[in-house]
């Protein structure tokens, strides 16, 4: 795995704000999308559930398959910009996927404001709603894969099921362990808790922005993703390094 950040760097004062901002942005996008079309874009489990329920009514099955495929496609696009380039002996483009995420999210805002994505608000009804859902799903997959790859699979920023589970595990480690294990559990637990709070605050902010700005609300998380990218993905210490190593066995996805 061509990680950009070593495990100790992930918890540094420079990079922790990045993970928090990216998680905030994901929560914000998710909430704005929920207001726009009554469907989450980063909730892959929910999308697959909808696929199952739509099997009895094929009216929207194709659209939900497309949304799922777009999330996976986004993750693959990130892999092409980072992993595939490493395997070809080229410099991985760590920042590129997140720049694409920001540009794509901003493009959704402007296209929606121009009336190209239909009406803002209400259930999934027309093609514009599914274009919105699919494009945002692609961006979410792109972001999640880029961050996961760059951190050696230690950090993910668009979902919370894994982080919430790991928070519980590390809280037990913090209470029961001693020494370095206890200190490691503390920082893992704090980051996971911070991400959960950031996602919730991002969602709350997204709802407020959506009611006031409609599609233009997507410009806010787009800008936040750009700032986070500048903080942790544009500068590569020690030259053009690509540290190929497996994720830490003691840490699941944050």
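Note: Cβ is positioned from N, Cα and C throughout, glycine not excepted.
Residues or ranges marked as transmembrane segment by TrEMBL: 20-41 (among others).
Annotation source TrEMBL lists transmembrane segment at 61-82 (among others).
The annotation transmembrane segment is assigned in TrEMBL to 94-118 (among others). Away from its own ends, the transmembrane segment (94-118) comes close to residues 4, 22, 29, 36, 77-78, 81-82, 125-129, 131-132, 135-136, 138-139, 142-143, 145-147, 150, 214-219, 221-223, 225-226, 228-229, 233-234, 236 of its chain (Cβ-Cβ under 8 Å, at least six residues beyond either end).
The annotation transmembrane segment is assigned in TrEMBL to 130-155 (among others). Here the transmembrane segment (130-155) has Cβ contacts under 8 Å with residues 1-5, 7, 10, 19, 22, 26, 29, 33, 36-37, 39, 41-42, 47, 60, 63, 66-68, 70-79, 81-83, 94, 97-98, 100-101, 104-105, 107-108, 112, 117-118, 124, 191, 225, 233, 243, 245-248, 251, 253-254 of the same chain, all six or more residues outside its ends.
As annotated by TrEMBL, transmembrane segment applies to 189-209 (among others).
For 215-236 (among others), the entry in TrEMBL reads transmembrane segment. Residues 4-5, 14-15, 17-18, 21-22, 24-26, 28-29, 32, 36, 94-95, 98-99, 101-103, 105-106, 108-113, 117, 120, 143, 150, 202, 205-206, 209 of the same chain lie 6+ residues outside the transmembrane segment (215-236) yet bring a C-beta within less than 8 angstroms of a C-beta in it.
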